Amino acid sequence: MSHSVKIYDTCIGCTQCVRACPTDVLEMIPWDGCKAKQIAPAPRTEDCVGCKRCESACPTDFLSVRVYLCHETTRSMGLAY
């Protein structure tokens, strides 16, 4: 069962979500022209189990990473007709 994982622009690159994920869906990649890394824009969603630990670990006021479970994906992401 595939879930959608979305990384928003509010991400501060703290890596809390990356470390919280038990299945390594999220990963850090090099950021052009910077020593810091950023979260890869295309998470490996096929490994997502929908635990939402990444959401719980996010310290920003607006969750920078969101997991949309397969049954709520179209409604939550504003894709429903």
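Here the Cβ of each residue, glycine as well, is placed from N, Cα and C on the backbone.
Annotation source Swiss-Prot lists domain '4Fe-4S ferredoxin-type 1' at 2-31, citing sequence analysis. Taken from Swiss-Prot, the feature [4Fe-4S] cluster 1 binding site applies to Cys11, Cys14, Cys17, Cys58. Positions annotated as [4Fe-4S] cluster 2 binding site by Swiss-Prot: Cys21, Cys48, Cys51, Cys54. Per Swiss-Prot, domain '4Fe-4S ferredoxin-type 2' is recorded for 39-68.
Overlay of Swiss-Prot annotations on the structure.
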residue: Cys11; record: [4Fe-4S] cluster 1 binding site; DSSP (3 states): coil
residue: Cys17; record: [4Fe-4S] cluster 1 binding site; DSSP (3 states): helix
residue: Cys48; record: [4Fe-4S] cluster 2 binding site; DSSP (3 states): coil
residue: Cys54; record: [4Fe-4S] cluster 2 binding site; DSSP (3 states): helix
Cα-Cα, Cys21 ([4Fe-4S] cluster 2 binding site) versus Cys11 ([4Fe-4S] cluster 1 binding site), nearest Å, comes out at 16
If one takes Cβ-Cβ under 8 Å and requires six or more residues beyond its ends, the residues near the domain '4Fe-4S ferredoxin-type 1' (2-31) are 37-41, 43-51, 53-60, 62-70, 73, 77
Around the recorded [4Fe-4S] cluster 2 site (Cys21, Cys48, Cys51, Cys54), other residues with Cβ within 8 Å of the Cβ centre, ordered by sequence, are Val5, Cys17, Ala20, Pro22, Thr23, Val25, Leu26, Val49, Gly50, Lys52, Arg53, Val67
Whole-number Å distance separating the Cα atoms of Cys58 ([4Fe-4S] cluster 1 binding site) and Cys51 ([4Fe-4S] cluster 2 binding site) is 14
Argmin Cα dist to Cys14 ([4Fe-4S] cluster 1 binding site) over the binding-site residues Cys48, Cys51, Cys54 returns Cys54
Students should find that the Cα atoms of Cys54 ([4Fe-4S] cluster 2 binding site) and Cys11 ([4Fe-4S] cluster 1 binding site) sit apart, in Å rounded to an integer, by 12
Students should find that the Cβ of Cys48 ([4Fe-4S] cluster 2 binding site) has, within 10 Å, a number of other Cβ atoms equal to 23
Taking only the CA atoms, the spacing between Cys11 ([4Fe-4S] cluster 1 binding site) and Cys48 ([4Fe-4S] cluster 2 binding site), expressed in whole angstrom, is 19
The mean pLDDT across the domain '4Fe-4S ferredoxin-type 2' (39-68) is 87
When the binding-site residues Cys14, Cys21, Cys54, Cys58 are compared by other Cβ atoms within 10 Å, fewest goes to Cys14
The answer, for which of the binding-site residues Cys11, Cys17 has its Cβ ringed by the most other Cβ atoms inside 10 Å, is Cys17
Cys17 ([4Fe-4S] cluster 1 binding site) sits from Cys51 ([4Fe-4S] cluster 2 binding site) (Cα to Cα, rounded, in Å) at a distance of 12
If you count the other CB atoms within 10 A of the CB of Cys51 ([4Fe-4S] cluster 2 binding site), including all protein chains displayed, you should get 15
